[in-house]
Ligand code: NAI
């Protein structure tokens with residue numbers, strides 16, 4: 001039986017063509033293939049990946065394989081898979097379980113399937129923490145805390161708890177075995193990193209973790225410049241609406257919020273920002289955006305985008321007040337930024353995949369994108385290859401470090417050293433014709449660095 005679940009394996013040829021193009025835009029990953037393709041530092045590793053199954057991720061997967069890893073993959077979101085990318089990966093012989101529009105039950109079943117190496121995995125590559133959560137929650141349930149699976153508070157929890165119980169019944173002791181053989185996890189995104197630091201605080205992290213998100217060449221690029229390109233792309237593909245002149249509200253002005261505000265203002269929208277952090281609020285104001293409270297603009301704005309990684313940002317009382325045909329979407333990792341569950345008993349009209357029109361009791365309608373899940377991946381194809389190359393080069397370096405040097409780390413969360421961050425950036429300069437200046441020895445001495453770098457102290461914030 002085929003060891004994959006994809007929408008249509010016949011899409012593999014199309015996927016391969018786009019993969020070939022993406023490779024030309026992913027110089028960091030291709031440089032790692034050149035540098036380590038012969039020595040294969042990931043030989044012996046069995047990596048379970050839980051990350052949006054896009055064309056860019058396909059290039060990441062093939063880089064891990066080129067470096068010697070055995071890989072199995074699931075997507076970390078039900079709407080983010082690009083079916084032709086999944087097909088190309090399946091056709092290459094890498095087991096992948098991902099379909100755009102899969103159900104929540106399938107999401108957790110596919111994640112479980114991605115763990116099913118003959119000898120189980122020894123590394124996790126996570127985006128948002130679902131793979132880590134699955135194993136750790138299951139292991140706790142197996143080890144005297146079955147009550148953790150008793151009171152689900154969301155559809156998501158109903159699905160994951162059911163999948164854990166199923167696996168526990170089929171293979172007793174499986175989660176504990178998996179937990180004990182994983183040597184480390186690398187985590188892609190802000191929200192997943194929060195989960196990891198929480199686990200450390202609770203004394204519940206059983207292996208070392210590398211926080212890829214907080215490499216400068218990840219969060220200050222993917223989260224910012226990536227969203228700058230992919231947010232408006234998602235809104236346009238979903239709605240074809242004219243953005244110039246419209247009033248758009250961006251909730252949150254962290255890295256994703258900064259990119260999102262720039263995306264909308266680049267399209268000519270008049271952008272307003274909400275924030276709870278005075279530093280980010282001041283940044284937004286000095287970048288030229290009006291900083292407002294959501295309740296003060298909710299009846300007049302045209303587009304609402306959440307970017308906070310927090311929950312209950314756009315609530316039912318806000319959506320009831322919005323003007324007719326307001327567009328509502330989220331670009332943060334999880335779908336709890338918008339209270340979608342509270343809309344369930346309203347009249348929904350599906351316009352097309354991942355676009356719904358919902359009628360409020362007053363008769364006014366909103367357009368909800370991707371049911372509140374991250375719309376740049378649900379309604380478009382996520383960030384472009386070039387910026388994902390920087391993110392994924394960090395991912396591969398993190399996996400290599402955990403695999404070849406894992407004993408050096410405690411069960412804590414680490415960031416890659418600055419010289420590697422600078423290396424990732426350096427690998428992306430030639431593709432866009434950047435001519436880097438070089439320090440003289442005297443200049444380097446004067447500012448207290450070496451000619452080769454690192455060029456900044458740890459506390460520098462970019
Ligand atoms: P961040 O921590 O830099 O920014 C979040 C901002 O939201 C902070 O400035 C915070 O003060 C603000 N915030 C929190 N609660 C708020 C509230 N109630 N009202 C207004 N503002 C509030 O995080 P980052 O890196 O910007 O990530 C945000 C989310 O986006 C995370 O869930 C992350 O995982 C996700 N993400 C999504 C990507 C995508 O392609 N869709 C790419 C990268 C990250």
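The backbone N, Cα and C atoms fix where each Cβ goes, and this holds for glycine too.
Automatic prediction, not curation, is the source of TrEMBL annotations.
TrEMBL lists 54, 127, 188, 218, 222 with the feature substrate binding site. Residue environment of residue 188 (substrate binding site) contains 28 other Cβ atoms, counted within 10 Å of its Cβ in all protein chains.
Counting every protein chain shown, the number of other Cβ atoms lying within 10 Å of the Cβ of residue 254 (NAD(+) binding site) is 20. According to its DSSP assignment, residue 254 (NAD(+) binding site) is coil. According to TrEMBL, the feature NAD(+) binding site maps to 189-191, 223, 252-259, 275, 310, 331-333, 376, 383.
Sequence annotations record features per position, and here TrEMBL assigns domain 'S-adenosyl-L-homocysteine hydrolase NAD binding' to 223-382.
A 10 Å radius around the C-alpha of residue 127 (substrate binding site) takes in none of the binding-site residues listed as 223, 254, 257, 275, 332, 383. Closest in space to residue 383 (NAD(+) binding site), of the binding-site residues given as 54, 188, 218, is 54, taking the CA atom of each residue. Here the C-alpha separation of residue 223 (NAD(+) binding site) and residue 188 (substrate binding site) works out to 11 Å. Per Cα geometry, 222 is the residue among the binding-site residues 54, 218, 222 nearest to residue 332 (NAD(+) binding site). Ligand 1 lies within reach of 189, 254 from the binding-site residues 127, 189, 254, judged by a C-beta closer than 6 angstroms to any of its atoms.
There are 29 other Cβ atoms within 10 Å of the Cβ belonging to residue 257 (NAD(+) binding site).
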